[in-house]
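Take a look at the structure below.
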Amino acid sequence: MGFPIPDPYVWDPSFRTFYSIIDDEHKTLFNGIFHLAIDDNADNLGELRRCTGKHFLNEQVLMQASQYQFYDEHKKEHETFIHALDNWKGDVKWAKSWLVNHIKTIDFKYKGKI
């Protein structure tokens, strides 16, 4: 089922991980998907892909540095999203849902651990 998708599609405090760099990057990802929903064009998709790659790398570095036990599972989730962006079919609803559910299930597992 999953978590409800916010409308308007913006980050809110319920998505807080309490790591400022990660929360700031999550806000950027929400913004990128929001803009893609308004105008599904190559520029918006490219910007979202760039921001997503940067965020995933930063998050993975933090997880590796702390020897986070669910690193491999988490990285596979990231790879799924990157693959979807690299093979974009225009499914903004899926992207919105993926980010919301990824943060609230997968990312929340590392709260206080990285």
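Glycine is no exception: its Cβ is also placed from the backbone N, Cα and C atoms.
Taken from Swiss-Prot, the feature Fe cation 1 binding site covers His26, His55, Glu59, Asp107, and the record attributes it to experimental evidence. Look at His26 (Fe cation 1 binding site): DSSP puts it in a helix.
Residues annotated as Fe cation 2 binding site in Swiss-Prot: Glu59, His74, His78, His102, Asp107. Mapped onto three states, the DSSP output places His74 (Fe cation 2 binding site) in helix.
Apart from the site residues Glu59, His74, His78, His102, Asp107, the chain places the Cβ of Phe56, Gln60, Lys75, Glu77, Ile103, Ile106 no farther than 8 Å from the centroid of the site's Cβ atoms, the recorded Fe cation 2 location. Around His26 (Fe cation 1 binding site), a 10 Å sphere centred on its CB holds 21 further CB atoms from the protein chains shown. Report note: the Fe cation 1 site is defined by His26, His55, Glu59, Asp107, and the residues of the same chain whose CB lies within 8 Å of the CB centroid of those residues, excluding them, are Thr17, Ile22, Glu25, Leu29, Phe56, Asn58, Ile103. Comparing the binding-site residues Glu59, Asp107 by how many other C-beta atoms lie within 10 angstroms of each C-beta, the top residue is Glu59. Note: the Cα of His55 (Fe cation 1 binding site) and the Cα of His102 (Fe cation 2 binding site) are spaced 13 Å from each other.
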